[in-house]
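According to TrEMBL:
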- HIS395: active site (ACT_SITE)
- ASP443: active site (ACT_SITE)
- GLU452: active site (ACT_SITE)
- 1-465: domain 'Glycoside hydrolase family 9' (DOMAIN)
Amino acid sequence: MFFNAQRSGPLPKHNGVSWRGNSCMKDGLSDSTVRRSLVGGFYDAGDAIKFNYPMAWSMTMLSWSVIEYKAKYEAIGELDHIKEIIKWGTDYILKTFNSSADTIDRIVAQVGIGDTSKGGSQPNDHYCWMRPEDIDYKRPVTECHSCSDLASEMAASLAAASIVFKDSKTYSDKLVKGAKALYKFGRTQRGRYSPNGSDQAIFYNSTSYWDEFVWGGAWMYFATGNNSYLTVATAPGMAKHAGAFWFGSPNYGVLTWDDKLPGAQVLLSRLRLFLSPGYPYEEILRTFHNQTDNVMCSYLPVFNSFNFTKGGLIQLNHGGPQPLQYAVNAAFLASLYSDYLESADTPGWYCGPNFYTTEVLRKFARSQLDYILGKNPLKMSYVVGFGNKYPKRPHHRGASIPHNGVKYGCKGGFKWRETKKANPNILVGAMVAGPDRHDGFKDIRTNYNYTEPTLAANAGLVAALISIADIPTGRYSIDKNTIFSAIPPMFPTPPPPPSAWKP
């Protein structure tokens, strides 16, 4: 439901969030350089900026969860809902570049501006505190011409969604076509999308584009069955640049909206477990498989790779703020990988000489989600609207300003930002940034490190929850084959035996 509350543009009739309405209906059209519609998509967090980088990643994650767990979504009656959310995102992503062309030279990186460091009181998406429906200030569009990380992530999101929508051939083909153009653009026009000092660098800085090449390449391969993408994704140099061998790095194995390598390693281990394509890909696939095993070991408390709070929350960002987004991603990978192993009739994996069963991984995943849902020292849920005690003051403009027909201008909303009162509108389903490293939490609206929810974190939450949820759907909990449906048979069938010899 959090994604319903984040929708921008003209809302569908059955959106289900009573205090939200149509908003930012002139995005793109009002920008003197772009002059085309960029209406739609999702607002990133408690603001009204549309950042393509985390938005695309969120859609990739949601699509991945649907591809693996479609039967579970169906069983709980949420399949149509999540597909609708994904399509809302991919429809928007298709607007942010020339999706009918085979070759492109630019893509939109974001709509809206958040930098308030330059002083002055220039109204923008972070300076002002307004309902998105009332925004009257300029929303500039940022385009980029060499942005390999962003282009490859957008390609991944469209490629993954093309598998989700494979039964709607026209739409699926459109997604694949767009993904091909984006990936090609990312590979030819090299560069990071977030130059120093830019708005992108302040809020969603990308450290490198090599991990997106591997991740995007893997998704492109699954969407098209074209070996050239697998060749890129499994190139030894590519793995090296993406940090596959930096075992000593403090962030090794931490899946985030910036570093997709751990997700790509799991995704390509899947390929090796079930299809085993062999030479010339085997060397890196085996490497990624071993590395995935090591990453799973690193999540277990016994190996001391990461600290845990006294209450049991893994500190994947080393005691930094907003820890929940990292914990849910790790919970998703651990739960999903345990399902892969079981579907491959493998009871567990090795950490050095010690064998651990898949149940150990599930236990880790469950412990993190239980913590988030209330099994923590404060006995509170970090998901708004779930449980008896949850955050009442999320850092969120739309939720904190009364939906009462009064238009509060840029500064008119400041009083709603500062008030100690609970938000008048409940942001159902939103997982906030989370506690500090001492399991402490301050339910204060202006402290976004505790109370702000984001698309990226909530995409990880949805994926982790559907993965660990105990919903009976037959022998395997994952859908073993759908992700491979575009891949031609690995090993051609042998010719029939010759007919019997007749003298």
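Backbone N, Cα and C atoms are what each Cβ position is placed from, and that goes for glycine too.
Across the domain 'Glycoside hydrolase family 9' (1-465), the model assigns an average pLDDT of 97. ASP443 (active site): 18 other CB atoms within 10 A of its CB, across all protein chains.
Straight-line distance linking the Cα atoms of GLU452 (active site) and HIS395 (active site), rounded to a whole number, equals 5 Å. Using a 10 Å radius centred on the Cβ of GLU452 (active site) and all shown protein chains, the other Cβ atoms total 22. Straight-line distance linking the Cα atoms of ASP443 (active site) and HIS395 (active site), rounded to a whole number, equals 9 Å.
Listed in sequence order, the residues of the same chain lying 6 or more apart from HIS395 (active site) and placing their CB within less than 8 Å of its CB are ALA45, GLY46, VAL432, ARG445, THR446, ASN447, TYR448, THR451, GLU452, PRO453.
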